Structures are given as C-alpha cells and as structure tokens.
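Student: This is the feature table in TrEMBL:
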BINDING   115, 116, 117, 118, 137  substrate binding site
BINDING   138  Mg(2+) binding site
C-alpha cells in the first residue's frame, strides 16, 4: 500500500526556523550594493530601534518568540490631516490571516498606534503580530493574550485625536528616528516596506525581506546555520575563535 509523501513546508515555515540575525547576515551576503534603491538589503533588511514589547522579552517564553509572515501595511497620518484619504473599514478588520501588520507613524508622535482591543481583533483574525514604527499601549493586555507586539516604545495615550489610519496596503517608509541618533552621522537608510514583503521579528529585532530573495535567503541561512553550529562545537571544546573561523567560515565567505 503506497503512502503519500509528506507535504513540503512552505517558504514561511522554512524561514521561521532562522533568527533575525541569521536572516540579516544572509541579506547582506546576497545583496550588498551601493544602489540607493537596495538600501533595505544593504542594511541586512534591519528595521532599527523597534523591539519586542509583547510577550515580555525577559519573562516566560518571550525569548523564544518569533513571528514570520507577509507584510500588511498601514499608513498613519496626524489626526488634524484633513486631506489624506481614509480607509473604508478599520485597518484591523482588513488584516489578512497569517500576515504581520506593519504600521508607519508620523515622526515625533508620542501617542500609541495600537492597543488591547486591536490585539483582540487581530488575534481573532489570525494575524501573526504587529510591528509599529511608533508606540503601543495596554502592554498587560497584549502580554496576557500572548500576542507579539514590536514597537519603538509605549504610551498612555491612544490614537485619537493625535493620529488616524489613512492608507492600507501601500508602501510605507520607516526612517531611523532622531531620538536614537547620536553625534555621529546616521549610516542607516530609510527602509521601505511593501505589501507582501516578508517580515521576521524576534528578540533581536525586525527584518524585512524582499520576496524575490526569499528562496536564496533560506538557502543561505540553512548553510550558515550549519557552519555556525560547527563553529560553536569547536569553540566550546577549546579551539580558538580565530582558528575556528578560518576553518569553517572561510568556505562560507567564498560561496
């Protein structure tokens, strides 16, 4: 009696086994250029200064939380902007199952773009998590629900009257924030996230992957992870870091 072969895991199921760090390394190897339009790849797809706020990164299983899914983008504008378009439905209601919501917020906004009721709605619809280029609130509710929230910070203030949603599923540009810059020149370019880009977020940070590079990223991550596992074994057994890297990573760098 013949048995059917096990279904192959989807690209997303394959990608989620790799950390944001491994994915950034892969993107740099695959896409290091000096072309401005490739800036998200130059920087390893890294979206800086956005961190895990839910679940707590220091309590329970937060350290092992990782979300991976296709970007569903939301563009927020200031609440007094009377000219920007308005969506026909609430942006949470429009979120596809399996997506990661990516919300852009105007600069220097101190109010939250996401709260506990939105988490409840997104979780019911099968959204994997939210990445906010701004702030959230109701941390206790997000953490109690076990819903992944990545943001620049938190606030006591809700959206209204400070901001409002404007456009859904449009490219959004995420800029490095002045709050996090120092006296040195900011070397990070803006990251443009398009609907359908792949978002991976974990305790180390958030990365954005262009879909056309997905298969190559998976292959590169798989190979590099194998090499790093060999390096870890050797280093834990007393081999010098320099010798270990020369032995194992030399071949990787030639690929």
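Note that Cβ sites are derived from N, Cα and C of the backbone, with glycine treated the same way.
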Student: Which of 117, 118 has the fewest nearby Cβ atoms, counting only those within 10 Å, among these binding-site residues?
Tutor: 117
Student: Using DSSP and three states only, what is the residue listed as 'Mg(2+) binding site'?
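Tutor: Looking at the DSSP assignment, the residue listed as 'Mg(2+) binding site' belongs to neither helix nor strand, so coil.
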Student: I want the residues beyond 115, 116, 117, 118, 137 whose C-beta is within 8 angstroms of the mean position of the substrate site's C-beta atoms, in chain order.
Tutor: 112, 114, 119, 120, 136, 138, 141, 142, 158
Student: Where the distance is taken from Cα to Cα, which of the binding-site residues 116, 117, 118 turns out closest to residue 138 (Mg(2+) binding site)?
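Tutor: Closest by Cα: 116.
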Student: Around the residue listed as 'Mg(2+) binding site', how many other C-beta atoms are within 10 angstroms of its C-beta?
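Tutor: Taking all protein chains shown, the residue listed as 'Mg(2+) binding site' has 22 Cβ neighbours within 10 Å.
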Student: Measure between the Cα atoms of every pair in 115, 116, 117, 118, 137, the residues the record assigns to substrate, and report the largest value in Å, rounded to a whole number.
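Tutor: So the binding residues stretch over 11 Å, Cα to Cα.
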Student: Give me the count of other Cβ atoms within 10 A of the Cβ belonging to residue 115 (substrate binding site).
Tutor: 18
Student: At a 10 Å cut-off from the C-beta of residue 137 (substrate binding site), count the other C-beta atoms across all protein chains.
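Tutor: Other Cβ atoms found within 10 Å: 21.
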